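Enquirer: Copied straight from Swiss-Prot:
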ACT_SITE  Asp12  active site, nucleophile
ACT_SITE  Asp14  active site, proton donor/acceptor
BINDING   Asp12, Asp14, Asp209  Mg(2+) binding site
BINDING   Arg21, Arg123, Arg134, Arg141, Ser179, Asp181  alpha-D-mannose 1-phosphate binding site
Amino acid sequence: MARDEKTIFLFDVDGTLSESRAKMPEKMGKMLESLRRKVRIGFVGGSDLAKQKEQVGDNILEIFDYGFPENGVSFYKNGTLESQEKIIDVLGEEFYKEFANFVLRYLSDIDLPIKRGNFIEYRNSMINISPIGRNCSREERMKFFELDKKEKFREKMVTAMRDRFKDSCLVFSIGGQISIDCFPKGWDKTYCLRHIKKEGVENVYFFGDMTMEGGNDYEIYNHKDVHGISVGNPDDTYRKVDQALKKIGLGGLEEN
């Protein structure tokens, strides 16, 4: 059966193809290899390409037809960088300084059992904020994640930032287990759709884990031009990819 060039299966990385900040299982690599024979495939995530390589592999751009690091602000096609933009060109240095100062003051007042380093991470597409600090260990990450479910540290901080910067272009969403994504309106994961539309794709299937309101998959999951599929972990992603293929008449993952 010839590949359906009108259809793309688009994947979040963290929590979807791999467990949070962990290596992608070999099973998922084989899934992508099988899937690519049936439809176009792409990945989209808020992290930069270096972090996505840590999880998927150094050959990530060879595995996928399309790569959308930093929500598609960086756009790769067949392994080649096609375009890239920078958030600082939108925000300006003065606003960014004001924003960073507010964030650092706010974080200094949060009482956590432990704090590590890298509380603000500047990326081309967003500012990523972590109350515990992105340098925390995996064990510390999980402890913060469980504590945050009860204490709502990130939810409260998002509310404070929305109030303080309500007249700005910034949007705030809870990302992954330890952080908050801050980006210009429209620079969420739906940003990648502007590139996909130019590729002759008619059917977009998106798989992501943070699809709840306030999660960083919410906007693309609910976009009118996207078939959004919510997943709980890589094993769930595998099952739902298989189900989606059968539903659109392309056979399951093992049927090549």
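Backbone N, Cα and C define each Cβ position, glycine as well.
Not measured: the values here are computed from a predicted model.
Can you tell me where each of these features sits in the structure?
Expert: DSSP assigns Asp12 (active site, nucleophile) to coil in the three-state reduction, outside any helix or strand.
Within 10 Å of the Cβ of Asp209 (Mg(2+) binding site) there are 23 other Cβ atoms, across all protein chains.
Listed in sequence order, the residues of the same chain lying 6 or more apart from Arg134 (alpha-D-mannose 1-phosphate binding site) and placing their CB within less than 8 Å of its CB are Arg116, Gly117, Asn118, Phe119, Glu121, Asn128, Ile178, Ser179.
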Enquirer: DSSP three-state call for Asp181 (alpha-D-mannose 1-phosphate binding site): helix, strand or coil?
Expert: strand
Enquirer: Taking Arg21, Arg123, Arg134, Arg141, Ser179, Asp181 as the record's alpha-D-mannose 1-phosphate-binding set, what's the max Cα pairwise distance in Å, rounded to a whole number?
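Expert: Taking every pair of listed residues, the largest Cα separation comes to 21 Å.
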Enquirer: I'm trying to understand the geometry here, so how far is the Cα atom of Arg123 (alpha-D-mannose 1-phosphate binding site) from the Cα atom of Asp14 (active site, proton donor/acceptor), in Å to the nearest whole number?
Expert: 17
Enquirer: Taking only same-chain residues 6+ apart in sequence, whose CB is under 8 Å from that of Arg21 (alpha-D-mannose 1-phosphate binding site), what do you get?
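Expert: Correct list: Asp14, Gln55, Arg138, Arg141, Gly176, Gln177.
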